[in-house]
């Protein structure tokens, strides 16, 4: 009797406990595993013991028998046994969402930097290939052979270390009797290397150093044609680009060579100086930057306006004031964001890239703005740039995720101790070199007599920058004209205009849109209009070539009025003032983008005979009619 009662109570208690357990599991959202019985069997031991032992066993086994909450939810969501989820670093996170790149690494940043830099190099070498022979070739307007000979004479008539350090170029080592071929070879080699890096996104120190040496060799013999600030800026940017890469390895993700923080900060230091230098030179320069009126004139008087500038020039006065204030903010305040942590550094990079895009749209400033974007990219890490790269197994983004996972686990790619030490030593030396060469640059930034676009070393590794420290209020242009008349002074002489590739000439010709390409002769014609022809001897050399219908020189122009005819007997330079026509106005209705008014002669009519002695004294080849 007592035994039966005991067994009955025990069984009833065990069922109650099981019901309570099921209720608790249902309340917590848990379910029984598929294929299991709803009422698990209780072990029936000897009489008088089973009823008491079963509840205790259930209590001990309950937590172990119950499936984990997350696992049960996954079972409920899928039919049958689900496939195992990809572990972190394989493109998915623990919840099945696409994995995100971790901040603080620069694998993808290096690829973007290399491709952007290679693009600018490609444009620069393309310009060199198309224009160097006409500008500095054997029969160029300022032959580089004559320049190297003058440097050689200055330093004792031989190729000494002083001559090499004054004008570092590999042209010293080549045959000067075929300078056109030498210039083409340098440009074509640069085009080939930059094309490879642009397409592949990978490079090594050897290729990047080759690009730097090739372009430096052209800049240092380019004379006035290569005297712009963006030439030194490209050399400094390219020098830093050398240290982005491994020595020999050609891989987009060289695991043994992570991107150096020293190089990243070198790029950030570069963009900081570019923007701050440009801002300070404006504040210390033209008063219109302080009274916020410079943008009233800039679009019309910039070197080579484009069609967008034509319409922006007519913007309301308040918009021009806003532009000027924004310019001061972006150049004088935003650069300091670099030093305020990751998020502010990203804000700095985004604002500077946007600023450069606006400048590209509103003017033809060569590849300057495209080049300025390059160091701004160093403000972005892999987590920021990850959206630019497609996801998927084996893609670059997925490979970076795996690298980051390995670094988290401490399972990094094997690197030799000697290689790590050498790499660290090189990066340390680079940091010390940039810091040392930055001393005169910083002193110049702090000086009230700041100069812009200057180099303090012949290799142009660290330079000082600036742009538009002064703004001209009126636009003047030199228009070259020729006539077939025997008497240049005759009132009935018909003078015909030569048209350049991009600079204003015919008032009915629409302003060009060429950025990032650069017409060097057009740009120098803008400078020549501020001065006299005595300050620009090359323009007289150009006039002599026009008198001979020189095909090489005419390739720099858009229109030769004497094409298919005898060369002109006389060539002259006329000085004009140019202003934009008003959109919708009378001149615009006549198809005129510009309104021009003659100011007077720039240089008098010249004939070939007049220039014979001039050419001989400067050792220029005397032009013969073609």
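Please read every residue number as a count from 1 along the shown chain.
Using N, Cα and C of the backbone, Cβ positions are placed for all residues, glycine too.
Automatic, uncurated: that is what TrEMBL annotation is.
The region 'Disordered' feature in TrEMBL is assigned to 27-95.
The transmembrane segment feature in TrEMBL is assigned to 107-129 (among others).
Annotation comment: TrEMBL describes 185-214 (among others) as transmembrane segment.
Residues or ranges marked as domain 'Lipase maturation factor 1/2 N-terminal' in TrEMBL: 226-385.
Look at TrEMBL and you will find 234-253 (among others) tagged as transmembrane segment.
The annotation transmembrane segment is assigned in TrEMBL to 259-281 (among others).
If you look up TrEMBL, you'll see 345-367 (among others) marked as transmembrane segment.
Residues or ranges marked as transmembrane segment in TrEMBL: 426-446 (among others).
Residues or ranges marked as domain 'Lipase maturation factor 1/2 C-terminal' by TrEMBL: 461-604.
Within the model, the domain 'Lipase maturation factor 1/2 C-terminal' (461-604) carries an average pLDDT of 95. When Cβ-Cβ distances below 8 Å are used as the criterion, the transmembrane segment (107-129) is approached by residues 101, 183-184, 186-188, 190-191, 193-195, 197-198, 201-203, 211, 214-215, 218, 234, 237-238, 241, 244-245, 252-253, 258-259, 264, 267, 367, 370-371, 373-374, 377-378, 380-382, 385-386, 388-389, 396-397, 400, 403, 516-518, 520 of the same chain, each at least six residues removed from its ends. Outside the transmembrane segment (426-446), and at least 6 residues removed from its termini, the chain residues within Cβ reach (under 8 Å) are 243, 260, 262-263, 265-266, 269, 273, 276-277, 280, 454, 456-457, 461-464.
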